[in-house]
Structures are given as C-alpha cells and as structure tokens.
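Taking it in order: structure first as structure tokens, then the write-up.
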Amino acid sequence: MPRTLQRDAANEKHMTGSLCSHLNNSGVGTRGRTMKAGAGLFSALALFLLMGAVYTQRTRPRKPTRRPGTTTRKPSVPKPAVPAQPEPQEPTDFPPPILGPPSIYPDCPRECFCSPSYPNSLNCENRNIRVIPVIPSRTHYLYLQNNYISEVTAEPFLNATEVRWVNLANNRIHRIDKQVFQKIPALLYLYVHRNQLKEVPSGLPASLEQLRLSRNRISKIPSGAFSKMGNLTLLDLYHNQLSDSDFGKNTFRDLKSLMQLNLAHNILKKMPDGVPSGLIQLFLDRNRIDDIPKDYFKGFTHLAFVRLNYNQLSDKGVPKNVFNVSTLLDLQLAHNQLASVPLFNGHLEHLHLNHNSIESINGTLLCPYSLQADMSDLSLVPRLRYLRLDGNHLSPPIPLDVIICLSEPAESRTVHLDSCSVKVHTHELRKYYSTIRSDVVAGDSDIGVKLLDRSLIRDVQEGQTCCFMRLVLRFYVERVFNNYASTEPQQQRCSSALANAFVSIRRDIHKCHCQCGEETQRKIDSLHAEFIKLQISQAAQKAMGELDTVLEWLEGLEKEN
C-alpha cells in the first residue's frame, strides 16, 4: 500500500477509534440504559455521519464521474520509462595532476619533466593533465599523451615556435584551435590518435610529415584540409567514421610525397579517388568495398603493400588483371567472398587469401612465370614465399605444381634456433638493407650512443638463441619500422620490405615456442630502455643503422649450422 494511503487509513482508524471510545465512555451506545434509546442512537449516528463526511471531504480523492456510453477502466499503472542511451559523459572527478620532479630549468612546468640530458624535450605524459601548460620556447619535442586534455588552444604555444614533434595521443580532445598551428609552423610530426575529434583539424602546417588521427570519431574532412601539405609522407585515419562522400578527387591532390595511407576500419564502399601515384602502402581493411575499378592501380609507380582484408570483394568486383602490378610485394585479401585466385605479378612475395570461398588452385596462377624458365635469371623466378589459403573450400591433395611453385629457392637458408629451425632469406634481407644502409647510417646524429652493441648479441646464452631472436624481431617490427620514415620512396620501399620479411620470420619463430630466460629478458629490456631515452625518430634511425649487426648475427647462425 502506498505510504500516503497507509497514513490516511491510520488516521481514519484513529478518529473512528476515538469516536467509539467517546461514545462508550459517555454511556451512549446500543446498550445505553440511562438515556432514551431513540435519542441516544440518533445522536450517535448523527455525530458519526457528520465527522465521516468532514473527513471524507478533506482527505479522500474525488471519484471520476462515469460518462454515458463508456466502460469503466482500471487506472493504468505507468511503466517506468526506459532511459535513452546518452553519449558517454565526461567524468567530473579527474585525479589530481601528478607533479614532475624538481628541474634545473625555471620555465619547466610543474606537471612535467625536463630532462637535463635532453633540454629540447618536454615530457608531460601520464600526468593527469587537463589543460596544456605553457610550453617553454626551447621545446622541440612535446609529449602530452595519456592525459585528460579536452581541447588544444593556441595560448600555451605562444613562445614554442620551434616545436617539431607533438604527441597528444590517448586524451579526450574534441577540438583543436586553428591558431595552434600558426604558432608552430615548423611542426613535423603530429600524433592525435585515440581522441574524440569529429573532423580533421584545419590549418595544418605545410611542414608536416606525419599525421596520425586513428581511433577518433572523424566523419568529416574539411575542404582544403590537406592543401599545401607537400611534405606529408604518412596519413593515418584508421578506425574513424569516414564515408565515400568525404573523399573527392582533390582531397589528396597536394600530397605529392605521401607514401603511407591508412583508411582501414571506416565505412567506405568504394576505392578512394585521387590517391597519390607515389604511394607505397595502402590499407583499406574493414570497410564495405565490393568493387575495384579496372585500372585503379595502373598509375602507381612504387605501390608495394595493399591490404583489403574484411571487405565485400567477390570475383565480380575484382577485374582479372587489377593486381598485376610489378612493384607489389604484399597483397592481403583475407575475409572476402572470392571464389578464385586473382592474377598477380611474379614479384609478389606475400599473398593472403584466407577465409574466402576458393575451391581450387593451380600453380600457373600462383607462379605467373613458366616453371620451366631459366632459374639463373632471377627476374623470372617466382618470388611468392608466403601464402595463406586456410578458411576456404579447398580439398586435398595440394596440386604438384603448387608445391613446386612454393618450394624454397636455393638462396634460402635454414637457421637452427636451439631445438627449432626456420627458413630465412638472408640474401633478400641483405639486398634490401644494402640499398638504404649508407643513408640511414649518415642520418644517425647520435654517433656516441649504441643500442645494439655486438657484445649484446655475441653473449647470448646457450639455449636462448630462439628467444633472443624472437624478441629482437619484435623490437624491430613494433618499435623501429613503425617509427622510421624516409622522404625517399626507394628507401621507404626497402624498409617496408625489410619489415615484411621480419614479420614473416617472426611468424615462423612463434611455432618454436621459445622459452625465455631471465638474462635474455634483461638484455631486451635494456635495449628498450636505451631506445626510449632518445627522441623516437632519432632512435628509429639509429636502430635502422645498427640493423647490420642483426643481419651479421643471422648469417653467423647459418654458418654455425
């Protein structure tokens, strides 16, 4: 019973009880003997009715009158409303900022760390900062990732005109003032991934070389957003909400130096228009693309990596020779609806066709050149060395011509890692690296610092070779190749090919189930520690220059076995 009705009932009971008590005490009732029966009964009844009428008028709700021709309906009990799902609200109780250690620099913000060893760096990451502090004028490298910043205004950058690198990743940024970039015209690297931007920032400086905007909520690219950005080599828009209408023929018109374009995990239904012809890497995974124009890749001069996994491609939407591109090294078409193997050029090294609807394969398709070709002419030797066909409708046995096609070439070497063996194409690694070695070594400005000292590799404990190699490969794949960028297409292509080869070796080593000892883990931890002491671009450059040490080690393992 509702609380109000309970109270009213209790009051009524109390009043009725008091009345009956008064009547009994005064000797009035059906058994009263001193008063006349009629008069006593009449007085009691009158008093009872009078008080009941007054009480009813005061406390009881009025009953609705019934209209003619209507039926009586029970009052409906209102159902609790289901609240609409609102957009996630920002928390109001942020943790307090974490103050940095005392600094020798009087202009160092209290929330940051200013290293005496790197006076041009301002380290403000992981400090629970909500507002960007005033940036000292000596700052070249600004680290503000992993905080609670919601907007970026121009005021903190008034004197920071020499900033080259800004990392704002993993904040809550929903707005960046256009005036910010007017204050930092020499900016080269801008990382704003994992934020809440709804459109590409306007007014980006022409000096920019890398722009990372992945994992935002971007659904709009303002007109001219990338205009005059002729130095941009990497554009990452992965995991946003971009559709076909956001990309016109002129969207990428000024990006003459663009080498890496990542538009994966958006809502594209067709291939983007106007992509620069000098592109090396094009990632379009996890979209809704079902058709590729016949001559889409025809004008690309350096294209080496194409990823179209998790789309809606079928044989109908893939023209016969669309992937017959001589520069293509890695083609990924997994998780589509293909029923046959598409044609490709003989220079292709990695082909991912897993989880399609393919029912048959033959060596002629996988090895476009004749299997009877002169094997001394390496230009005619099929290079395909990694093929994924799992998740299709293939029935055994595998055709003999496919086995011949995928057999290891004579130049591959078996590297024995403790109790496991893997195939390593060291001649290919050496060929790619020799192309870029002189440039990466010349670009290393910290000659006195070593990351991969030869003694670090030479003194690997017995039984730990497999583990050490796996961890070194992981270091290069995840830290070095991801952060190394060159403005020269040939260098970028070779570094990408090296990264691809390292990924393959690492994938094979995973099958070995290496056991890592404490000393080996300590060595790798020290390698990572030295890496993060440097500015990330310098560290990647240095590690690329020291790749020669890793290749010598691999070649030494071949000779030992």
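Glycine too: its Cβ is placed from the backbone N, Cα and C atoms.
Note: TrEMBL links C420 through a disulfide bond to C512 (candidates: C367, C494, C512). Partner cysteine of C516, as given in TrEMBL, is C467 (from among C466, C467, disulfide bond). The disulfide partner of C466, as annotated in TrEMBL and taken from the candidates C405, C514, is C514. Between the C-alpha atoms of C512 (disulfide bond) and C467 (disulfide bond), the distance comes to 9 Å.
The Cβ of C466 (disulfide bond) has 24 other Cβ atoms within 10 Å, all protein chains considered. If you draw a 10 Å sphere around the CB of C512 (disulfide bond), it holds 17 other CB atoms from the protein chains shown.
The domain 'LRRNT' (107-141) scores a mean pLDDT of 95 in the predicted structure. Rounded to the nearest whole angstrom, the C-alpha distance between C420 (disulfide bond) and C467 (disulfide bond) is 11.
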